[in-house]
Amino acid sequence: MMKHMLSLYFIMGSGDCTRDPLTVLDEAIQGGITMFQFREKGKKALTGLEKYRLAEKLFERCKDHNIPFIVNDDVDLALALQADGVHVGQDDEEAARVRDRIGDKYLGVSVHNLAEVRQALAAHADYVGLGPIFPTVSKDDAKQACGLAMIEHIRTYEKHVPLVAIGGITEQTARQVIEAGADGIAVISAICRAEHICEQTKRLYETVMHAKRRGDG
């Protein structure tokens, strides 16, 4: 279940969009995303009531299509919305504390190596987001790229952890990421910056699912 939900994980905030975020999400849903994360960060990020209202509208879209809605690094917002889960990074609120606060909602944790994967599992994370796999332009605070080899390394020791890869992943590299052992790809700019979002999302979905079927065969 979780491994399928991670197949095409779309991450977005208002600052990632050149068009109305609701339109972007609508087209991405039509294209086949399997999970959505509201990540409102950066210099021009919305705050307070504006942030809540946008999150509420995006959440409604996701609920209408049974897409899990995850809030990045804002437990209060996730609880207020009754969102499906929370995602935290290594510099955000401690994962174990977040788990205590959100109960049985989904918990995702950003990781960069095997030690952090094991810490996340100890905090009862439902999945880990590994990256950046490739250099990325979407996050100002992104760490150095860890490459496909890190996916393979983690899979050697933690075969069953639900793992989504993030960071600079494109339609051209998605297959390699799945073949290295990821359960899915998480993307921001590959969808947000696409000229035709629905069509681009469909291609990403088909690429991921084809690679996953080959791996299962």
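Just so you know, glycine gets a Cβ as well, placed from its N, Cα and C.
TrEMBL lists 8-191 with the feature domain 'Thiamine phosphate synthase/TenI'. The 4-amino-2-methyl-5-(diphosphooxymethyl)pyrimidine binding site annotation in TrEMBL covers Gln37, Phe38, Arg39, Glu40, Lys41, Asn72, Ser110, Lys139. Here TrEMBL flags Asp73, Asp92 as Mg(2+) binding site.
Measuring Cα to Cα from Asp73 (Mg(2+) binding site), the binding-site residues that fall within 10 Å are Arg39, Glu40, out of Arg39, Glu40, Ser110.
In this view, the densest Cβ surroundings among the binding-site residues Glu40, Asp73, Asp92 belong to Glu40, judged by other Cβ atoms lying within 10 Å. A simple Cβ count within 10 Å picks out one of the binding-site residues Arg39, Lys41 as the most packed, and that one is Arg39. Straight-line distance linking the Cα atoms of Arg39 (4-amino-2-methyl-5-(diphosphooxymethyl)pyrimidine binding site) and Asp92 (Mg(2+) binding site), rounded to a whole number, equals 13 Å.
In this structure, Asn72 is the one among the binding-site residues Gln37, Asn72 with the smallest number of other Cβ atoms inside 10 Å of its Cβ.
Reported as a whole number, the C-alpha separation between Asp92 (Mg(2+) binding site) and Asn72 (4-amino-2-methyl-5-(diphosphooxymethyl)pyrimidine binding site) equals 9 Å.
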